[in-house]
């Protein structure tokens, strides 16, 4: 600690494990990177079991429903803990939310490996579920943060892009899980290796978050909206949201979209293996879904930062997503359609996943001056609740097949028929889209408030205003 680091940029020092930092971090790049890292690693842990669900089930003698609960616990835990996380973001701040998230993810990832360290453990599922539960509590602390981070640390013309980067860091974790888990787990003996490797990034995020983050807000607000981003207290903001018709409609429809995509990510491997597709192909489809979603989000966020057409982009995206979702429901029940399924999953990400950060910015615009953590957090909590209901409903509608099939599922049970479930998922997507297009209308409250504040400041500082100010009386 004795070396002179005054010439090193804060974010560069942070990347070097922060050993040189003596002053608080003021660089939004470093803060953004650490928050993104926590979100990415959290989602890796969430879906680390889903791409190899059949192998995990066979190794631990578990049912498919038990394996699904390793992912469902994230949705269940996010409902009660999400309310606490909302309060933490708007009252305690981004710094402590990110640090606690990193530590919970680390302890959860370690806890999941205990069944392989102690041979005498009789119920490994309990340890897997306990580890996933800790990681689920961590996720709620960071998944709400992109809108808050964008509002506090970035100017008005960069907010949508900043929100996009933060929001897309979460699906990047899903992308890594879809590619890494099938690549690591070729046989059942590879499961400990997979769980051990997932500890490494969780530990790295824990170290950097603890050492690098010193404050929750920049020294000076980057915009007029940032100066008033937490002007409403939690309970007062909640009351305002419950009286905001546009917010409620957007929350229900966007939350439904979150629920559908959560179900899609968790159940994709189980749906495709029934028709003879491999775990590697299911992971590839999940990766294409994320990659094209990120690319689409980048283009849309740059476009919206310039045009401010939040509502138009979200409505068009929802409608296109409904069409592609219907195509997936039909083609996923056919055999040998690898190219078609890969293209459909890519389009599903491009049309649907890409509008998530734009919809989150629209949530903030229609709910201002309610705190960003409260407005965005409640939407995500509602989305997790809807995702839980949708996933339980989709799995409940499946039936076992008695006749021989081309299934590659390795859970040791008969293959499932997902036809009705996939049609229901497509129908729900179309329902949410139609409801949003017809009933959602709003004005951009935050942009209007910032424009009014800027206009007032310009009038106060103009030469004409100075000329009309009363001059002090001359002293005798």
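The backbone N, Cα and C atoms fix where each Cβ goes, and this holds for glycine too.
Heads up, TrEMBL stuff is auto-annotated, nobody curated it.
What TrEMBL says about this protein:
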DOMAIN    1-445  domain 'Major facilitator superfamily (MFS) profile'
TRANSMEM  69-89  transmembrane segment
TRANSMEM  96-119  transmembrane segment
TRANSMEM  125-144  transmembrane segment
TRANSMEM  165-185  transmembrane segment
TRANSMEM  191-214  transmembrane segment
TRANSMEM  247-269  transmembrane segment
TRANSMEM  281-304  transmembrane segment
TRANSMEM  316-334  transmembrane segment
TRANSMEM  340-364  transmembrane segment
TRANSMEM  376-398  transmembrane segment
TRANSMEM  418-440  transmembrane segment
REGION    455-476  region 'Disordered'
COMPBIAS  465-476  compositional bias 'Basic and acidic residues'
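Mean pLDDT for the domain 'Major facilitator superfamily (MFS) profile' (1-445) in this predicted model: 78. Cβ atoms under 8 Å from those of the transmembrane segment (376-398) belong to residues 65, 68, 72, 74-76, 78-79, 82-83, 85-86, 89, 140, 143-144, 146-148, 238, 241, 250-252, 254-260, 262-263, 266-267, 360, 363-364, 416-418, 420-422, 424-425, 428 of the same chain, restricted to positions at least 6 beyond its ends.
The stretch from 125-144, 191-214, 247-269, 340-364, 418-440 that makes the most Cβ contacts under 8 Å with the transmembrane segment (281-304) is 340-364.
Taking every recorded stretch in 69-89, 96-119, 125-144, 247-269, 418-440 and counting its Cβ pairs under 8 Å to the transmembrane segment (191-214), the highest total belongs to 96-119.
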